[in-house]
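The structure appears right after this line, and notes come after that.
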Amino acid sequence: MGLTKQYLRYVASAVFGLIGSQKGNIVFVTLRGEKGRYVAVPACEHVFIWDLRKGEKILILQGLKQEVTCLCPSPDGLHLAVGYEDGSIRIFSLLSGEGNVTFNGHKAAITSLKYDQLGGRLASGSKDTDVIVWDVINESGLYRLKGHKDAITQALFLREKNLLVTSGKDTMVKWWDLDTQHCFKTMVGHRTEVWGLVLVSEEKRLITGTSDSELRAWDIAYLQEIEDPEEPEPKKIKGPSPGIQDTREAEEGAFERSEAPEDRILTCRKAGSIMREGRDRVVNLTVDRTGRILACHGTDSVLEVFCILSKEEIQKKMDKKRKKARKKAKLNSCKGEEEDLEVNVEMTLQDEIQRVTNIKTSAKIKSFDLIHSPQGELKAVFLLQNNLVELYSLSPSAPTPQPVRTSRIAIGGHRSDVRTLSFSSDNIAVLSASADSIKIWNRSTLQCIRTMTCEYALCSFFVPGDRQVVIGTKTGKLQLYDLASGNLLETIDAHDGALWSLSLSPDQRGFVTGGADKAVKFWDFELVKDESSTQKRLTVKQTRTLQLDEDVLCVSYSPNQKLLAVSLLDCTVKIFYVDTLKFFLSLYGHKLPVICMDISYDGALIATGSADRNVKIWGLDFGDCHKSLFAHDDSVMYLRFVPKSHLFFTAGKDRKIKQWDADKFEHIQTLEGHHQEIWCLAVSPSGDYVVSSSHDKSLRLWERTREPLILEEEREMQREAEYEESVAKEDQPAVPGETQGDNYFTGKKTIETVKAAERIMEAVELYREETAKMKEHKAICKAAGKEVPHPINPILMAYGNISPSAYVLEIFKGIKSSELEESLLVLPFSYVPDILKLFNEFIQLGSDVELLCRCLFFLLRIHFGQITSNQMLVPVIEKLKETTISKVRQVRDVIGFNMAGLDYLKRECEAKSEVMFFADATSHLEEKKRKRKKREKLILTLT
């Protein structure tokens, strides 16, 4: 075998330059016991936790490949549920930053995640129109709720009742009874998509936000309470109005009785609308944890804040209204006393929900979160469209609440896409420039060390010596910056159109620029005397101009400085002699303009990348095309040779970076990670690092490892990955009685569940073989009349010399809880009889009763027909029935006993320390605080 050329692998090293990505939502998280200081934001496939006070990134929750689309912190503040673009959900611990639990059930991106009040269940809604309820503690799916016809926008658990309410883009709001897992009510009162949904006023009111400027409010009445409705109206209005109320109630009662049977649980009727100021759709509608502050925003930069008044506050308001009405009545009539009784004051929705103020942010809002502190201060944190996080605070109780911006996280990223990247000559500093700013980053710490404002930058480089940088802009200017001071030294009008490309001359004394004004200009560096200081400062001077017939898109010097390559809008690359500017070669062959090109270190090859998705490799001696490679699925945006080699990188709008060998014309490896088109990349002078920038606002650093990369292995791995993906995309196994493609269970077939099923099959086969061997061994011993040594299976030995049946149990225990059902669903029926016999043994021993019962009931459910028609399995099932019932009863008794013991301990503790526990203590504390505030107010009024 001939010697293969060895390549070294590049791997993803870091994501930086990103504060928060647009697809997901920002949430407050509790860390180190502090609320309102830390926020979690989606950052492509990761989640960043930012400290708002210091503006620092303190934790990264590492994702895999898919982009984050939804975040939801658990009620206890210890976990964060993260939903991804491919429909998977991971639950991360905020203490360790590890994601231990994964739920796979949805086929499309997660759009909504909500925990119930205790944090034991999680409801997820997705673009695939399903809602799945997951058991977080047992790490498994409970059930899938089907019924919506379009993406789910919100799903909420009710606190008191076992109900779930969901809204979707299909204009429906559905109520689900979780005891029976069916939809018992569909609200069809909306004409457009329902984008937001919140429950307020102790879950007696539902507020929905749609595509118009109304927030609709719905009164919810639970039917067990309908005889004695706790609606505020009867209490508020004195005088004869309760009579009116009674008649209204009677009418409503009749209406309820004639209602359809699905209204037996609750009824919903429209209470009115609150008008928003925004004319566009509601993007987010949220209520804070206390249920007092309601806020929403549209597609603009204004957050509208409302306050939901308590019963006492409404009562006061109505009393004031009544007094006013009485005064008015007295003035209007002389017989004040008789008129007094006639006063009737209607309570409107505006009396219950009051507009507080608007918060205007510096850019369009993508998502926000609220936290209402016990001191009465409201904090609102925003993730903005331009890669920015802002925190505002206001006190809603003030007469005229004024929002104040208390902090913003801006330094860690650009406001717009980065269009140019450069490395300094020592491989340490990285320059990135966007439409409004230049940032200099330290490559090793990934910290931004300088930010300078600039015009729309298109190209850049570090001046030799790394003390200054030069930027070419969209308006055709050259901007020269000093790095030490961060000042703009000079702006020169270089071209009349966009300055598309810069190339530093190999002798480092000057550079060449190419622009949309069809000119190539040559510049030299000069030191001139500065009027303001004694030292000389750097400037640039134009020496020559080469006028051409077409716009110049890219320019590049050859390493010996003899030739200059110029790419033109007519899809050709022209090569000129630098000294005489005479024409040498024309490289003709691309169907669309050449956007990027580079010349190899020895001047032998030039590689060109074009909008026609091809890369062509040419010889610079005769201008012959060595090879044309179909490189990307979209335009090739950037191309760079690795220094001192004939390997080069290309970046495309298809979100991929690829490495190629220009000698062998081989595709070496693909670097995947960006979620949007890639604009540019830079290779460090040592060739050890590559930095790329993309429309997803992130900068990514790729590092060369010492790990050799063998092309055949790489292709093999690629094929395996494709196969694994195709396995997951195959049809879900259907259960008898279900139509194909219609999945009742919460899981989804993935490569992990297939592997888990294979492990079970292997374990059962091993058990069969080993039991057969044991029988043989016993027969041999009997025939020989003495004990013959029995060879032990190496797998069983590795598990600590366990029995074959115990090995099967170990395999079951090793399967992730969230993948258990799906693995059993893939399992062929031929293995089920053996598994049932083994389960009987295990349950008799009383080991892992809970897990085994879960598997057993699932298998009985999916193979019911075959099991019942199989005569051989009747005695097994009979035995299982006996053992399971007795063992489950035992387990239940133990748990009951423990619960009673804990209750007893709680009572003992309370008796000893005379301290009330938990809920009582909190309410007591709040009462104290309220009294203290009243006292303070009194003192203030007195003084």
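Easy rule for this one: first residue shown is 1, then count along the chain.
Including glycine, each Cβ sits where the backbone N, Cα and C put it.
The compositional bias 'Basic and acidic residues' feature in TrEMBL is assigned to 246-259.
What TrEMBL lists as domain 'Small-subunit processome Utp12' is 805-907. Under DSSP, the residues of the domain 'Small-subunit processome Utp12' (805-907) split into helix, strand and coil as follows: 94 helix, 0 strand, 9 coil.
Residues or ranges marked as region 'Disordered' in TrEMBL: 229-259.
Sequence-distant contacts of the repeat 'WD' (61-102) (same chain, at least 6 residues past either end, Cβ-Cβ under 8 Å): 21, 23-31, 35, 40-49, 108-115, 117-119, 122, 124, 126, 128, 134, 136, 139, 672-673, 675, 748, 816, 818. Under the heading repeat 'WD', TrEMBL lists 61-102 (among others).
Annotated repeat 'WD' per TrEMBL: 103-144 (among others), in sequence order. Per-class residue totals from DSSP over the repeat 'WD' (103-144), listed helix then strand then coil: 0 helix, 24 strand, 18 coil.
Note on the repeat 'WD' (145-186): DSSP counts are 0 helix, 23 strand, 19 coil. Residues annotated as repeat 'WD' in TrEMBL: 145-186 (among others).
Annotation source TrEMBL lists repeat 'WD' at 187-228 (among others). Broken down with DSSP, the repeat 'WD' (187-228) shows 3 helix, 20 strand, 19 coil.
Note on the repeat 'WD' (411-451): its mean pLDDT in the predicted model is 95. The repeat 'WD' feature in TrEMBL is assigned to 411-451 (among others).
Residues or ranges marked as repeat 'WD' by TrEMBL: 492-526 (among others). Below 8 angstroms of C-beta separation, residues 458-461, 463-464, 470, 472-480, 538-561, 564, 566 of the same chain, each at least six residues beyond the ends of the repeat 'WD' (492-526), sit close to that stretch.
Counting residues 6+ beyond its ends, the repeat 'WD' (587-628) has Cβ neighbours under 8 Å at 553-554, 556-560, 562-563, 565, 567-575, 634-641, 643-646, 648, 650, 652, 660, 662, 665 in the same chain. The repeat 'WD' annotation in TrEMBL covers 587-628 (among others).
The feature repeat 'WD' is assigned by TrEMBL to 629-670 (among others). Tertiary neighbourhood of the repeat 'WD' (629-670): same-chain residues 5, 7, 9-10, 592, 595-601, 604-605, 607-611, 613-617, 676-683, 685-687, 690, 692, 694, 702, 709, 711, 714, selected by CB-CB distance under 8 Å and a gap of 6+ residues from either end.
The annotation repeat 'WD' is assigned in TrEMBL to 671-703 (among others). Under 8 Å from some Cβ of the repeat 'WD' (671-703) lie the Cβ atoms of residues 10-18, 21, 43-45, 65, 67, 387, 413-414, 417-423, 425-427, 430, 432, 441, 443, 446, 634, 637-638, 640-645, 649, 651-659, all in the same chain and six or more residues away from its ends.
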Under an 8 Å Cβ to Cβ limit, what residues of the same chain, 6 or more beyond the ends of the repeat 'WD' (145-186), are close to it?
108, 111-112, 114-117, 121, 123-127, 129-133, 192-199, 203, 206, 208, 210, 222, 262-266, 268
